[in-house]
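Quick look at what TrEMBL annotates:
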- B:GLU421: active site, proton donor/acceptor (ACT_SITE)
- B:GLU430: active site, proton donor/acceptor (ACT_SITE)
- B:TYR317, B:LYS326, B:TYR327, B:ASP405, B:MET406: S-adenosyl-L-methionine binding site (BINDING)
- B:36-282: domain 'PRMT5 TIM barrel' (DOMAIN)
- B:291-450: domain 'PRMT5 arginine-N-methyltransferase' (DOMAIN)
- B:453-633: domain 'PRMT5 oligomerisation' (DOMAIN)
- B:PHE320: site 'Critical for specifying symmetric addition of methyl groups' (SITE)
There are 2 protein chains.
Amino acid sequence: MNDTMDQSRMCSVGLLTTDCYDDLGNFVIQADEAGHDFIVTPISHPTFGRVLNQDKSISEQEQRNWKDRPVFDRKDLVIQSAEWSGRAVGLLATWIQLDSSDPEVRICSELALKQEMDWACHISLSGLIFPALPTGSLFNTARVINSAVKSMSYTQFLVRVPLTDKKDVQGNLSWKQWNRFRTLTEYNTKIHVALEITSELPSDKQLLEMWLAEPIKAVIVPAEIFVENAKGYPVLSKPHQKFIQTLMDKMKPDMIVTLPPTQIHKKATPQSYSDYINYLNRHLPPLNDVDQFATGYQDFLQAPLQPLMDNLENQTYEVFEKDPIKYQQYEKAVYKALLDRVEHGSDYVTTIMVVGAGRGPLVNCCLRAAEKSERKIHVYTDLFDRLQNAKADLWGDKVTLVFADMRKWSPPTKCDILVSELLGSFGDNELSPECLDGAQKFIKEGGISIPANYTAFASPLASTRLNNNVAAYKDLEHYETPYVVMFQQVCELASPKALWSFEHPNTQGDIPADGDPMNNLHNTRYNHVEFTVKHDMIMNGIAGYFESVLYKDVIISIRPKTHSPGMFSWFPIYFPIRTPVQVPKGSTVSLQFWRLTDTKKVWYEWTVTVQGTNGEEMTTLPIHNVGGRSYYVGLTQSLARQKNAASLAKLPNRNEYCESDYAPVSKYNGLQHDNEL
Amino acid sequence: MNDTMDQSRMCSVGLLTTDCYDDLGNFVIQADEAGHDFIVTPISHPTFGRVLNQDKSISEQEQRNWKDRPVFDRKDLVIQSAEWSGRAVGLLATWIQLDSSDPEVRICSELALKQEMDWACHISLSGLIFPALPTGSLFNTARVINSAVKSMSYTQFLVRVPLTDKKDVQGNLSWKQWNRFRTLTEYNTKIHVALEITSELPSDKQLLEMWLAEPIKAVIVPAEIFVENAKGYPVLSKPHQKFIQTLMDKMKPDMIVTLPPTQIHKKATPQSYSDYINYLNRHLPPLNDVDQFATGYQDFLQAPLQPLMDNLENQTYEVFEKDPIKYQQYEKAVYKALLDRVEHGSDYVTTIMVVGAGRGPLVNCCLRAAEKSERKIHVYTDLFDRLQNAKADLWGDKVTLVFADMRKWSPPTKCDILVSELLGSFGDNELSPECLDGAQKFIKEGGISIPANYTAFASPLASTRLNNNVAAYKDLEHYETPYVVMFQQVCELASPKALWSFEHPNTQGDIPADGDPMNNLHNTRYNHVEFTVKHDMIMNGIAGYFESVLYKDVIISIRPKTHSPGMFSWFPIYFPIRTPVQVPKGSTVSLQFWRLTDTKKVWYEWTVTVQGTNGEEMTTLPIHNVGGRSYYVGLTQSLARQKNAASLAKLPNRNEYCESDYAPVSKYNGLQHDNEL
């Protein structure tokens, strides 16, 4: 099992040369013998650069002829045939200057670039690397490449980007150029990054993490950044090791090494550099439980009505129920509550009602807590088929299964403790507030709810992959729908902040002691949170999390800082935004969030603004999901409708749909009031 | 004729009261008798404000009952029935606080607002005015209104916005709040502005002009801003008069006056204020020729394949040919050229070739110029049916009609002067460069072209109306297509700057002396222009113009600063952008523009960036119309294709399609080179 897994985490390692080999086949064989999986070589000889005619080495007529018919002389080609294409990535000419101030140089550079690209596609090279973005204006470079990659299908296009700019190691100049380029090219999915690791790394961790949100397809590790270890072999510094392993872990890039023109590490052989990279690759930190569980679903948008969800249901059902942490925390919460509420040795039988019991584990938690605390309990719970077996086999008389629809049920007694697990990734997004309002009438005066409260958190997020996954749908609806996502290739611009909380039982007086609330206005929320951002960054969406106090100090959380270790029942939630937003250094990103309701549904609206250091308005996005037009969770009792809606933000195998006994449509009816879609 | 026109420019005048009349009918009659067309009145009494319960005047239960069922007590209503709806506009309650920091006040405000709106729609009020945007945060206000107007159809929704903020008369704080609001509501076409004129006006003209780009449906002129004239009557200051008349002229808003609670202008009667407004309205500056010609087409996008274009063709055909200025300038240019090139009294017969002669006026220009200059000429021109009559009737032997396709024609002699009129609104956008390259072989050594050159200009533009006209198509293509538009409700952020020029004859050596160029690369262009913007503004698109030197100092221009007075043959061109862009005060807007070509077509690409005072990247838009994917002008010889493409940027009745004898497809063929869509 572990071996298979490691295989799936292995990166190819290639050898890059800037020399032009006459006998490319020989070079491929040598590289192969030294343990490289592929090679990276110039496509054409520097002689081809004469077409720019900057040194007037060819006649105007010759140049004009070439412009009329830009084809290669065979002698200009390094990669002359398709023979090695499958094992070769081509380097585009370094003398190409698409943003030259000389129009003639620009035009000829464009022709030359296209000529090389055409040739690469013709011989089916596996990839192409564009040498460098210009340091100043790059508009024409962006325009030309954006247009030229359109006709590429098999061959991958990569832009070589240094991790840091030599003149700006502690800043992100290099990323900014890349960011400008990809914004101009509108996140063109045919353009990837070949990230070149530089010898100096920025000390600010975020400047490294930003790259994890980028479409990195290859990582170039030049021989020059290796250092010599005590024995004279080339190795990388600890920070380099760590960052490269993170890249391997999250992006599975092709790794590219070089050989120094002259020996720079005493004991280095042609194998040393690739061997070392392979060594790092084999020694990635092992996957934790959550990672293992999430394998294959990273950055995958779990969207409404997605067939995958149904497939997963059977596949991972057993896994979920065995979340080691979630049920452990519930048990601990019930245990502590029993200790607090009932004296040791008392005969008092604590009535516990388990709502949305699903498949039984919550009932087990209660029973275990009772045993451990040596308190007497009786559990009422709603019925699912499988629970009947559990009752017969394990629970006996301590548990009463309620066959009736709980909404219409009159319990023989009210409960001391109401235990529920109706939380979504954003806390309240699976209608826990509404469901618990409905169940509140079953709680005795002074009784408690487990969970006692839950809080939604949000933070601005950068992620090319998530951006593109949403954009691929090409419609408004998908830009205004939250998704459950296991984040991988993302970068948070700042730590999440709390938006709002719900407390249970609700003591705000909005809910009649014995009955249902007439309207759901007490469950609406509105808040905004602000984040001041240290570096120039980009924002593609909003990450959402929850944190819940089950009882006193017993919490469950998926908020990164307080994440319950090993708990894998919830992935984060992702709210897309309709346009990527530039976030200049020092500016303030403000997220506006609403939880809204009408008689039939609950939905979120959100928007983003960016203000400069002087409060100037840099960006304001339109409010997303106006009136729940693209996404909502239904409050009506039609299960079908709820299923579609509620499943939106659910983990694959969870199916405790909230049967809200809730605000019948006729009760809440303003004059001509119509919020319907 | 003039009377009819003035009628079409007349605005309604209404009377606004903030008093709550018990007998609304009586008030309507009084207002009518004092010359008002409609009234503006509160919908409900201030008593309705008790629902917020800020003074605890009602019980919690009463408030809760109202929240469950938010309907009016009849006694709270000022407009109690539909009786006066057609003549009444409602004022929404001023105590509504949608952005209160108290959630209870926010929620009740939202309910109250919707209750008033529901009532207004129920009784079919013609309009509703929201009293004021909050001065601080307005996110919830935007969210509520954006959502609430969705169900409105007949009743108009207006937001009252003061022209200037009292604390910021020389700035644009008030506009900025409005701008933020409408950005959040995504230019919701159901939300309009009721612009309230303030007593002080900003001295910077641009701060007034910004409002001309806004969706102003009503203009409120409070009695308090009137001053007393020598005779004691209320009048407005000259700057007020001028601005209000501009608004009347460009927006045709409903005008709204008020009556002061106590007499503030000695001789004022209840009629005085509306009389004065009517007076201003009757004395608008008369329409000039261009305006008259454009009536009904202001801000109208002349788009490809639009039926209107064909309709117009017959309707305005005569008008166009009589453009008093265009042909006068051509005549002057030929006249001056003849004087310069031929000595007085010489027998030399100047050969003039008229290309794209259309319907003959250019030939007439040449003949008149010859007569006036007393020089001998012979004109060759390509054939259109109607020219035959002209030849028979007027021209006689001085003109040779060429029946052959000019591309295949071998002229008996080359010409001294090539006269053409192939310009589009952006200069080169109707392929004048390509056509004249083709015709260049007919020019003698030392011969000239009229025009001698033309230059494209561009500037950033704000316009809600143009923004919405493009957005209405809901597709990418329309956001990436330039349109010919007679601007009206627009504001230029800065004066246009020159992008590029074309010179004729082309002496760059790219065109073989006797034949066609092999490629069209010499007609590609790339440039960028930067504009530093004085005030916080918004940008919705790019305005384009041309300026052309026909001969020496004889020019024609549609660039505002140098516009040939009275010339109406060209409207400006408008390049949309895909997202409105915030332009903070002091920031730099940069427009990138390309004119591009392949073997079959010519197209533009463009993009916009905004940088802060420290060079920080605030906004970068993706490059528009990549590879001509949404819009191009065809170079092939299929007339059908050209017609669609070229007509894009054409004035309605012009049909001299360029028959470019140009770069056959087979000539320009790189290796696998494929730029096709």
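Numbering starts at 1 and runs along the chain as displayed.
Heads up, the Cβ atoms here are built off N, Cα and C, so glycines get one too.
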Fewest Cβ neighbours within 10 Å, where candidates are the active-site residues B:GLU421, B:GLU430: B:GLU421
If you run the three-state DSSP split on B:GLU421 (active site, proton donor/acceptor), which class comes out? coil
Would you pick out, from the binding-site residues B:LYS326, B:TYR327, the residue whose Cβ has the largest number of other Cβ atoms within 10 Å? B:LYS326
What's the CA-CA gap between B:GLU421 (active site, proton donor/acceptor) and B:LYS326 (S-adenosyl-L-methionine binding site) in angstrom, rounded? 10
Cα-Cα distance linking B:GLU430 (active site, proton donor/acceptor) and B:TYR327 (S-adenosyl-L-methionine binding site), given in Å to the nearest integer: 19
Spatial separation of B:LYS326 (S-adenosyl-L-methionine binding site) from B:GLU430 (active site, proton donor/acceptor) - C-alpha basis, Å: 17
Averaging pLDDT over all residues of the domain 'PRMT5 arginine-N-methyltransferase' (B:291-450) gives 81
